[in-house]
Amino acid sequence: MIHVTCNQEAFELPEGASAMDLASKMKNSHCFAGALINDQEKDLSTTLKDGDTVLFLTWDDPQGREIFLHTSAHILAQAVLRLWPSAQPTIGPVIDQGFYYDFANLSISEEDFPAIEAMAKAIAEEKLAISRQVFSDKEETLAYFSDNPFKIELITELPEEATISAYKQGEFLDLCRGPHLPSTAPVKAFKLLRTSAAYWRGDPSKESLIRIYGIAFPTTKELKEHLHQLEEAKKRDHRVLGTKLDLFSQQSYSAGMPFFHPRGMVIWNALIDYWKRLHQLAGYQQIQTPQLMSRELWEISGHWENYKENMYTLTVDEEDYAIKPMNCPGCMLYYKTQLHSYREFPLRIAEIGHVHRHELSGALSGLMRVRTFHQDDAHVFLTPEQVEEETLNILNLVSELYGTFGLDYHLELSTRPEQGTIGSDDLWELATEALKNALVKSQKPFIISPGEGAFYGPKIDIHVKDAINRTWQCGTIQLDMFLPERFDLKYTNPQGEKSTPIMLHRALFGSIERFLGILIEHFKGRFPLWLSPEHVRIITVADRHEARAQELAKYFTQQGILATVDQASESVSKKIRNAQNMQVNYMITIGDKELETQLLAVRTRDNRVLNDISVEHFTNTILEELRSLSLTSSL
């Protein structure tokens, strides 16, 4: 017999029992997609060992949902091959909003979707068992996939000692590390969304492919809710709203490099000002490092060897330079300008750095995927014993920042990869436990992604949920044991000896451009007052009211309220509609009555009207709304 733990309860099972055997002892086991066995994602068919700790995953868990969607991608590929046997499947990953699969030798349109969806439904109803198969070596794998050059390329690049697995359902077998659902049966609702052109490995010089996007759910009800969400997302598209609200534009002369307009810069500056205040109070010092630095620096950091294809490089006076794709190396150089003692730690250094990374043109998308952006990085230098407390400090900062925007989030801890890491086992264990303990103390929901950390340390990713329940990966907290060693950073420890510091690299907004895009969609362009590009628009009834309107606008501006006067020769109702379309928070109408009483007629963008408001009361109310960073109107 073996003994395992599940949900802090002990179970006794016969030798050779699987996670599925354990699941049979649980309620609602039909909902289980997979399992975390000793924090490793596994299939339910996995054989358990004595002492294992098991946690079952469902659709409601991010890892369980990914397993479900990955199986759905395989169902898509199987359905396509049943209908077009000559098609060549390439890759089919899970993405934020579902999954896609790329095919070569296939020509279809959305008119073919009903046939594919019907076949996918049939595959699910066949309740095909899904099993994991491990090939004996690369030669066997290459022989099996000999008619698919794309799979051959992927297999050839694998290390000789790699374990190569595939998943089989019915007649279909595909390369995959898994895990997968135990059968196709749980996929009750399956919908294809769109097709697009793609290139093998995203490289325009390689083969053209067709990409089919899809989504799947355990129930039809959830699918209907998701399709409604997609319709709502179209209304919130930041690219459309960015144009309509005159916030930013894109130019063909600089693909992937947005132009911010004056109204967009108001929001930008509000974000930056808030960030600076928050970090000053949290004990951060701000620096600025150059955008252009020599090849020698990037060789020390490792970027020249491992990231050069994503960097913009040039030669000046016969010396190679690169525009920085990341802020970290510049901060390392700043650290070395002074001697440091453990008494200074944690030493918190922040920078809003302007970085450039080459993205393929097909991957560019509004503010979400660009070639130039500003990253709100900070590097915290500390001793190993300080990691847990400082991580908790950062998590508290995360909570305050995202709470200010009304954004909920969850956290993901990525642990040590199986191979290719630096640092001792003891240091990895200490670092991982410190991050995990800080997450527990933060009392925010988090998941563990085993083996998904960087080679130089574990990390915490911050996944933000917007107003229509989409998630976006924004901030990150990365423990780095690599760069301090590469740059030979030192501090004097309590024994008076030189030691290498641990470094926490963290970003809260992540890309500020991307975060702004998320905010545009989250608020649907209806920004809270403190972020709004136009707080007040003053509307005159006739020309004789112009002087009073200008007087008020000047006064409000002096008080720190962004106010404009609509001088257009249009009706009052048209001016009001124009202001509401531009999502101006408050409109003030000046007519004969207001001129006489010196009081205000105020209208909100929600069309609530408040008459006879004194200038003093309105000003004080608006200033308090701005000061408090309120998400709702004060009037």
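Just so you know, the numbers here start at 1 and follow the chain as drawn.
Glycine is no exception: its Cβ is also placed from the backbone N, Cα and C atoms.
Under the heading Zn(2+) binding site, Swiss-Prot lists Cys328, His379, His505, citing sequence analysis as support. Counting only residues at least six positions away in the same chain, the Cβ atoms of Cys328, Cys331, Tyr335, Ile349, Met503, Leu504, His505 sit under 8 Å from the Cβ of His379 (Zn(2+) binding site).
The feature domain 'TGS' is assigned by Swiss-Prot to 1-58. Confidence over the domain 'TGS' (1-58), given as mean pLDDT on the 0 to 100 scale, stands at 89.
What Swiss-Prot records for 237-528 is region 'Catalytic'.
Annotation note: His379 (Zn(2+) binding site) sits in a strand segment as assigned by DSSP.
Using the Cβ center of Cys328, His379, His505 for Zn(2+), the list of other same-chain residues with Cβ within 8 Å runs, in sequence order, Asn327, Cys331, Met332, Asp377, Ala378, Gln478, Asp480, Leu483, Met503, Leu504, Arg506. Packing around Cys328 (Zn(2+) binding site) is summarised by its Cβ count: 23 other Cβ atoms lie within 10 angstroms of its Cβ, all protein chains included. In the three-state DSSP reading, His505 (Zn(2+) binding site) counts as strand.
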